[in-house]
Amino acid sequence: MMRCYKQKKNGDRMLKGPFIDAKEIINKIEKNGHQAYYVGGCVRDLLLQRPIGDIDIATSAPPTKILEIFDHVIPVGMEHGTVIVRQKGVSYEVTTFRVEGNYSDHRHPDTVQFIDQIDKDLERRDFTINALAMNREGCIIDLFDGKADLYKKVIRTVGNGVERFYEDPLRIIRALRFSSQLGFQIETNTLTAMNQVKHQILTIAIERMTTEMSKLVQGKYVHHGFAYLQKTKIYDYLPILKKHPYIIDKISTKIKPLGSLSELFALFYMIETSISISTWVKSWKCSNKVRREASHLVDALKYYEKNGLNQWLVYQLPSEYHDGFVRLVNLVFENLSVSKTEVASYERTLPIRSKKELDIDGNDLVELFPHLNRGPWIQHKLQELEKEVVFGKLNNNRNLLKEWIKWNPPEIN
Ligand code: ATP
Ligand code: MG
């Protein structure tokens, strides 16, 4: 008999917000004769009173049935039992109760078997705090004392740690990720098992690890995650870091929550300049967006190291990276710091936001110096002008800019 605890204290709060909307999906599945529960991270975060991320639903209905009863379904992983149901602009992952075979490709289980009871589905989940389910009335199913672990603030595997980590070594990185997000301790046996199985991390598809690392570096308690990373020497099995472990040693005591993996790579680069951003991005199989952001941040940090904070730095760095830059300055440079307010006040007073706003362009320069051939001098001159304007030394006025150029003509050798 499955125990079910009703959350009396949270009763009212529980079915507010995202849970109310998702309840329509649960109701509809139940009306069609199947079971459905809120499951995993959303139940955990509800009990912790943390902001709820995505709402995941577990159901006894096979994916074909979900396709049939809802109008807007995206069949993202039918063979694994997962579809996305879209409702009022929100996506819900609806997954059929299942048990899994081996993860021999280290991405997906080789086989999954759909089942019609939730208990075995909860048993396949990684940690007790993630193996909670809740029905539409707010009754919690807690087969592995996940609630007790939430209150004790511990991360503990469902079942035998060594077996569970062998089954899918990504769970080792996930343990670090949850300790970083929640500030929880990793329970002793789980930690021992992580140490025993950590070499298996080498077999994980890197993209899966990158997703977890990205969440890890953004965790509110990232210093917990990094302390474990250092203590367990799990970095010995991570790309690049295995050859340069001192990078982690150097930052694990002072790390603070970052905004993205790009910020982490920029930080790593500032610690070890012999490893380029490109190398980090390639080894961790990250996107070009990560590469671009990390490069921008590194350029800004290097410029800051030489010149300090000024209009030109703020102008050159796209606004969406300003917060990341502030975080990194405070981490990278001892005894130096900048604040978001300082950066914002420079930004507010910038006379122009981009080169396009300059009241003069390349054609004007060609007209001013008809005897010169087109060439790199045009870009150089425009950048000189841009700097003068950004620093407020010159007004962004066509005539004044032309006048300035006459007095500062291009030097062509
Ligand atoms: P977040 O709030 O960051 O999304 P989450 O707990 O929902 O956290 P997900 O990665 O979205 O984490 O996974 C959803 C649920 O699926 C988890 O709570 C867990 O029950 C289960 N799960 C995910 N990945 C694994 C895994 N590798 N092994 C076992 N169970 C997993
Ligand atoms: Mg989730």
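All residue numbers here begin at 1 and follow the chain in the order shown.
Backbone N, Cα and C define each Cβ position, glycine as well.
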Same CTP site per TrEMBL - residue from R86, R98, R125 joining G41, R44, D168, R171, R174, R177: R125
Distance filter, Cβ under 6 Å of ligand 1; input binding-site residues D168, R171, R177; output D168, R171
Tell me whether R174 (CTP binding site) sits in a helix, a strand or coil according to DSSP. helix
Tell me which residues of the chain lie with their Cβ under 8 angstroms from that of G41 (CTP binding site), as long as they are six or more apart in sequence? G53, D54, D56, N130
When the binding-site residues R125, R171 are compared by other Cβ atoms within 10 Å, fewest goes to R125
